[in-house]
Amino acid sequence: MTVLWSRADLEAATSGRFPSSGAGVIAGTGVSIDTRTLQPGDVFIALIGENSNGHAHAAAALAAGAAAVVAHEPCGDDPRILKVEDTLAALQGMARFARARFAGRMLAVTGSVGKTSVKDMLHAALGACGPTHCAVASYNNHWGVPLTLARLPAASAYCVCEIGMNHPGEIAPLAAMVRPDVAVVTTVAASHLGLMGSIDAIAQEKAELLLALPAGGIGVIPAGIAGNTHFERNATHVGAMLWRVGTTPECTARADDVAQDAHGSTFSLTLPGWRGVARVNAPGRHMAENAMLALAAAHAAGADMGRAVAGLATFRPGAGRGALAKVMHDNVALLDESYNASPASVRAALDLLGLVATGRRIAVLGDMLELGTFARHEHASLLPAVRANADAVFCCGPNMKILFDSLPPALRGAWAPDSTTLAPLVRAGLRAGDTVMVKGSLGSRMRHVVAALQADDAPVGPA
Ligand SMILES: Nc1ncnc2c1ncn2[C@@H]1O[C@H](COP(=O)(O)OP(=O)(O)OP(=O)(O)O)[C@@H](O)[C@H]1O
Ligand SMILES: [Mg+2]
């Protein structure tokens, strides 16, 4: 196993010191912030969380085989404990150190929706071209980004980081740590609108990522992105190129002949100096657009596109992000979109329902959260997309009540205050051959509805 962190490198990266008494070899092969998932050989960083203090687990980490513990509170005198000023700052120091010694191509992905999907598509595409290091899950915040970098093997060919944001000012410091060669912005849309205030403010924040590009670096954005001038200004400011991805002739990366089916999309793609046909095995226009961005970014990073296209074909959507499965008796199909929701992703999921359903189209929608004073408007304005793509609608939560009450009576399935109460109502309203799409913010717990449908193998209809 590759050694990521030696004694000298850990001290240099964190400005910390091991006790002078212990001169033994330190050979960290990984980095952990959680003893429940710690692997022997990991360097354990004792972070302070909202409801937890890693220092309380330092002894457990060492007992589980940690190569070292990084700590700023007293937690024993083991010679493997590296004393630092502040553990989060130490993790960030390790991230900068690992970034500095990395000679491969660095890619960063931000956007209102689609970050993890594009990051995982890049993982599949670039992984077919050379050793590729990627963020685990959605590790995209003030500890997730440095943790991803601190785990980066110096000899990787590619690294893909996901960068997220809930508040203004979050992207710039993370982008400066990542220092991407290729920066992808998937979308600018109303997510976290409550804290950001406007779509323009969101675009301005996302465009901060481009300021971390070097001269000659490449920004990859959808052709129709909102707040375009922010991206142009920032790319020009640092001397980076801007690649626009879309279906119109002036795009740098142009997709043609986009053919969608229930399991994915096929399209031809024209990039600077390359042309070919690609397939993504995740249904929906939004996943096709994500795939176009991922391939454009892979090309921008210098990947062998024959291999990248073959690699992309192995991508599958993550849990709760649009996989289609048959569930229950009577041929009921489930589109599990329960992972999370924002106005853009609910519209994408409704389109997907319209695309893949063979029988009746049933939409089950829980509240979209973090929209602040825009919540009423954003829920109400889903009506046209719902009318176009659903034959019956089940809703839960106070915000979705606004949408539910505006539905024509023929579309109204049922409304309930929460997902647990809604689940049996959905089940009772189903008929053989229906396709059910379940979506809502994580906090709306729509997975209860998914679990209830998956667990129930009785014939559909009223129990
Ligand atoms: N380009 C897109 N347009 C609209 N919806 C999308 C797009 N890409 C993905 N989605 C949908 O948005 C939801 C979240 O997708 P994904 O996890 O890729 O986004 P994310 O930006 O990483 O989210 P998070 O902020 O939670 O990390 C899923 O339901 C997915 O199907
Ligand atoms: Mg994510």
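Here the Cβ of each residue, glycine as well, is placed from N, Cα and C on the backbone.
Going by TrEMBL, these are the annotated features:
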- GLY111, SER112, VAL113, GLY114, LYS115, THR116, SER117: ATP binding site (BINDING)
- 29-75: domain 'Mur ligase N-terminal catalytic' (DOMAIN)
- 109-298: domain 'Mur ligase central' (DOMAIN)
- 333-441: domain 'Mur ligase C-terminal' (DOMAIN)
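Confidence across the domain 'Mur ligase central' (109-298), taken as the mean pLDDT and rounded to a whole number, stands at 95. Under 6 Å, Cβ to nearest atom of ligand 2: this is the test, and of the binding-site residues GLY111, SER112, VAL113, LYS115, THR116, SER117 it is passed by LYS115, THR116.
Residue environment of LYS115 (ATP binding site) contains 24 other Cβ atoms, counted within 10 Å of its Cβ in all protein chains.
The Cβ of VAL113 (ATP binding site) has THR186, THR187, ALA189, SER191, HIS286, SER342, ALA344, SER345, ALA348 as same-chain neighbours under 8 Å, each 6 or more residues away in sequence. Under the DSSP three-state reduction, SER112 (ATP binding site) is assigned to coil, being neither helix nor strand. Excluding GLY111, SER112, VAL113, GLY114, LYS115, THR116, SER117 themselves, the residues of that chain whose CB lies within 8 A of the CB mean position for the ATP site are, in sequence, VAL109, VAL118, THR186, THR187, ASN290.
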